[in-house]
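Novice: My questions all concern the structure below.
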Amino acid sequence: MNYRHGYHAGNFADVLKHVVLARVLTYMKQKPRPFRVIDTHAGAGRYDLAGVEAGKTGEWQDGIGRVFNAEFAPPVAELLQPYLDAVRADNASGDLEVYPGSSLIARRIMRPEDVLVANELNASEFERLKRELGRPRNTTFLNIDAWHAVKSLLPPKERRAVVLIDPPFEAKSEFADLAVGVREAMSRFQDGVYVIWYPLKDVEAADRFVAEATSRPGLEFLDVRLAVCAPFPGLGLTATGVLVINPPYLLRGELETVLPALRDCMAEGEGCGFVLKGVVQ
């Protein structure tokens with residue numbers, strides 16, 4: 001596996017993924033019982049936005065680079081605060097220099113009694129992950145295949161869990177593998193909250209994945225998609241999606257408030273927009 005998230009850290013897709021994750025974790029803290037966060041593709045943990053990888057693409061500049069100091073209306077600002085506070089913790093000077101990965105964002109929102117499991121298969125990224133996150137008592141590191149991690153960790157002993165699945169999408173079979181993996185994970189722990197990121201390059205493939213992953217009768221889910229512009233040859237990723245299975249009941253309303261602001265803040269041209277759909281009570 002050759003994927004390095006440093007090239008894409010803090011881009012518009014990361015912003016959407018992490019905003020959704022932050023809202024889910026904020027809701028989970030409302031109940032006193034501890035919960036577990038499982039990050040299946042944790043990456044390097046933290047990313048230098050002035051480094052070689054981030055500097056080569058500059059993708060963060062039109063993602064977190066716009067959102068970090070933007071002025072949002074009070075309802076939007078309140079909903080974004082847990083996410084932005086997690087980012088600001090690495091940028092105390094006020095200048096945006098570092099972007100935290102999903103595991104670090106999660107740990108900053110979680111409570112001491114909650115548990116984080118950060119898994120990363122790539123050996124060099126795994127070593128960086130351990131250095132960046134340190135070794136607090138509530139964090140466990142794994143260096144195994146993501147789906148092996150899911151099988152070994154579900155069901156969690158806490159009986160409450162958020163599972164973040166963020167594959168690199170290097171293989172042509174990634175969507176099919178993802179659908180199978182999600183269904184198997186849910187067969188082990190159907191009550192977990194599953195936050196699943198995916199790129200939106202092939203809309204038909206994405207639609208098939210969502211349909212297959214949510215095919216269980218009565219399943220509640222939200223599928224949120226954000227485009228910063230219309231697709232164009234050679235332009236790279238212009239749209240992204242996050243599927244949330246068993247979403248908190250407040251999440252749909254929160255995203256209806258936040259998404260127009262994120263769209264406007266990160267828009268790069270014609271064709272920008274968002275879609276929010278799903279089945280929730």
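Glycine too: its Cβ is placed from the backbone N, Cα and C atoms.
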Novice: Among E59, E120, E127, indicate the single residue that TrEMBL lists for the S-adenosyl-L-methionine site containing H18, H41, S102, D145, A146, D166.
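Specialist: Site partner of H18, H41, S102, D145, A146, D166 for S-adenosyl-L-methionine, according to TrEMBL: E120.
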Novice: Which residue, of the binding-site residues H18, H41, has its CB surrounded by the fewest other CB atoms within 10 A?
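Specialist: It is H41 that, of the binding-site residues H18, H41, has the fewest other Cβ atoms within 10 Å.
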Novice: Taking the residues H18, H41, S102, E120, D145, A146, D166, which the record names as binding S-adenosyl-L-methionine, find the longest CA to CA distance and state it in Å to the nearest whole number.
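Specialist: Pairwise Cα check on H18, H41, S102, E120, D145, A146, D166 gives a maximum of 22 Å.
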Novice: Does DSSP put H18 (S-adenosyl-L-methionine binding site) in a helix, in a strand, or in coil?
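Specialist: Helix, per DSSP.
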Novice: Residues with Cβ closer than 8 Å to the Cβ of D166 (S-adenosyl-L-methionine binding site), same chain and 6+ apart in sequence?
Specialist: K17, D39, T40, H41, S102, I196, W197
